[in-house]
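Annotated features, as they stand in Swiss-Prot:
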ACT_SITE  33  active site, proton acceptor
MOD_RES   33  N6-(pyridoxal phosphate)lysine
BINDING   126, 284  substrate binding site
ACT_SITE  236  active site, proton acceptor
């Protein structure tokens with residue numbers, strides 16, 4: 001029996017994707033790169049492939065695309081990170097769709113019968129052509145990426161720049177730019193949205209207008225319960241000392257599992273709705289909490305993330321972003337689709 005479980009609510013995942021599609025009026029390219037942000041790319045692909053709102057998946061590299069194909073995923077798979085020369089045979093064999101964002105990607109493909117999308121850099125300074133038009137019948141789609149979707153003024157400049165590029169193309173099947181946060185702009189000339197974080201019910205912006213619901217629950221077992229005397233040091237470096245006789249618990253979840261050490265002495269875990277303050281430094285495999293007057297006992301589940309606190313809220317406490325927390329989730333956490 002695993003000591004830590006990440007529950008993925010399939011009904012809510014599908015609800016969120018349908019609401020995102022409904023809000024935008026567009027089909028969805030589901031971004032499941034980096035093992036679906038640490039949640040599980042195979043699990044996510046199998047949840048989403050059956051629904052009509054999802055038109056394709058997007059991953060970072062060829063290896064991620066091959067893995068999905070080997071697990072039976074049939075829908076189109078975009079390779080966001082492009083394609084290098086030695087990867088082209090796998091792209092052909094597994095019917096993957098590379099995103100061309102550098103002239104070397106185009107040269108790698110050569111004259112092979114491989115459809116591709118062209119990416120434009122409209123203000124990210126990362127991957128993408130600046131303004132070159134690729135006149136090639138194999139171009140299936142064109143795309144860009146919003147660098148600062150919370151910045152309305154700059155995002156609108158990017159959208160305008162991309163629109164001018166789009167006008168230079170004819171008969172392009174797929175045009176996409178909006179991310180989970182970017183859907184708020186309802187770009188009129190795109191055909192698809194490209195979303196990741198919001199699928200999990202994580203709201204990327206304040207006052208997010210899409211009706212999404214938290215779909216992830218992260219819980220770990222309580223493996224020890226005891227009472228510590230007053231003035232007793234807790235954890236490495238003795239950064240916490242009990243102020244009175246205190247009932248404490250040890251939870252089988254530490255920074256090796258993805259609970260950032262920056263949360264030591266400043267955050268909490270949850271038990272039956274009760275906030276359990278973290279005492280002392282979070283350690284590699286365990287975290288010590290104040291059990292207060294709860295009835296918690298060894299073997300009970302303690303919650304890191306649930307409906308009461310999302311990854312977005314936990315990330316805010318840790319001084320980071322939810323993507324980093326999710327991507328850092330350990331492989332020893334069992335992923336369970338419910």
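Backbone N, Cα and C define each Cβ position, glycine as well.
Feature map: Swiss-Prot annotations on the structure.
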residue : record                       : DSSP (3 states)
33      : active site, proton acceptor : helix
126     : substrate binding site       : coil
236     : active site, proton acceptor : helix
284     : substrate binding site       : coil
Candidates 33, 126: member of the recorded positions with the richest Cβ shell (10 Å): 33
From recorded positions 33, 126, 284, the one whose Cα lies nearest residue 236 (active site, proton acceptor): 284
Alpha-carbon spacing, residue 126 (substrate binding site) to residue 33 (active site, proton acceptor), which is rounded to whole Å: 17
Spatial separation of residue 33 (active site, proton acceptor) from residue 284 (substrate binding site) - C-alpha basis, Å: 26
